[in-house]
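Reviewing the structure listed below.
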Amino acid sequence: MNVVGLRSPQQLSFTTSRSECPYCLKTLQWKDIIPILSFTLLKGKCRYCGVRISSLYPIMEIITGMLFVYCYIIIGIQFELFLALALVSMFVIVLVSDITYMIIPNKVLLFFLPIFVVFRIIDPLTPWWDTITGGVAGILIPMSIIIVSKGGMGGGDMKLFGLIGIVLGFKKLCFCFFLSCVIGAIIGIFLIALKLGRRNQPIPFAPYIIAASLITYFYGDSLILWYSNFYHIPFN
Ligand SMILES: [Zn+2]
């Protein structure tokens, strides 16, 4: 996931070319690229030149592993598990790419689009057309924000919401959108308060979308119920 997220925005191949140290350019061996283990055994340094390896690698490897296990714990062995693992895989790739380059590669989204569509045909939401309304809302809601705020949100974020809508359906997509703005606003205020960020400075939004999506995917039903009861909104 790391490799795809780091290479696809630079138009580099991740299927044919071998991994190399970005500093000494030495081609890495199998024992240098075992997730988490290699980083730990090499004490975070390149085996050949000793330069520090970015901690992004072990962090993303741990997050990926934990999310995969979490999907299994929550869903169990069901068809939906494959969809959850595909969703997490896409999120890790997008996360790496967005925090590194502030780009969500179209290639990655286009790869996952048919996968989610096929999964939702085999294992549809109720009603089945919820996938379509969710996907359309996922495009239209961010698009309206982009138009009104003249680019306050990226086109990549909009396409990502479209894919999330296909998986979640209309109601959960709306909740996920709302939740991502809440998380983004809270963290944004903290960053400004701690003088780590400035107003009007662009920040990668995908981390908040991904956090909100995973929360909604796993706990959306009970959260929406709680929220609508709290405000006496008659959902459904
Ligand atoms: Zn090196």
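Backbone N, Cα and C define each Cβ position, glycine as well.
Please treat TrEMBL annotations as automatic predictions, because they have not gone through curation.
The domain 'Prepilin peptidase A24 N-terminal' annotation in TrEMBL covers 1-73. Taken from TrEMBL, the feature transmembrane segment applies to 55-75, 81-97, 104-122, 128-148, 160-193, 205-227. Marked as domain 'Prepilin type IV endopeptidase peptidase' by TrEMBL: 86-189.
With a cut-off of 8 Å between Cβ atoms, the residues of this chain six or more beyond the transmembrane segment (104-122) that come close are 4-5, 8-9, 79, 82-83, 86-87, 90, 93-94, 97-98, 131, 154, 156-157, 159-160, 163, 166-167, 206. Long-range contacts of the transmembrane segment (205-227) within its own chain (CB-CB distance under 8 A, at least 6 residues past either end) are made by residues 67, 70, 74, 84, 87-88, 91, 94-95, 98-99, 104, 153-154, 156-157, 160-161, 164, 167-168, 171-172, 175-177, 179-184, 187, 233, 235.
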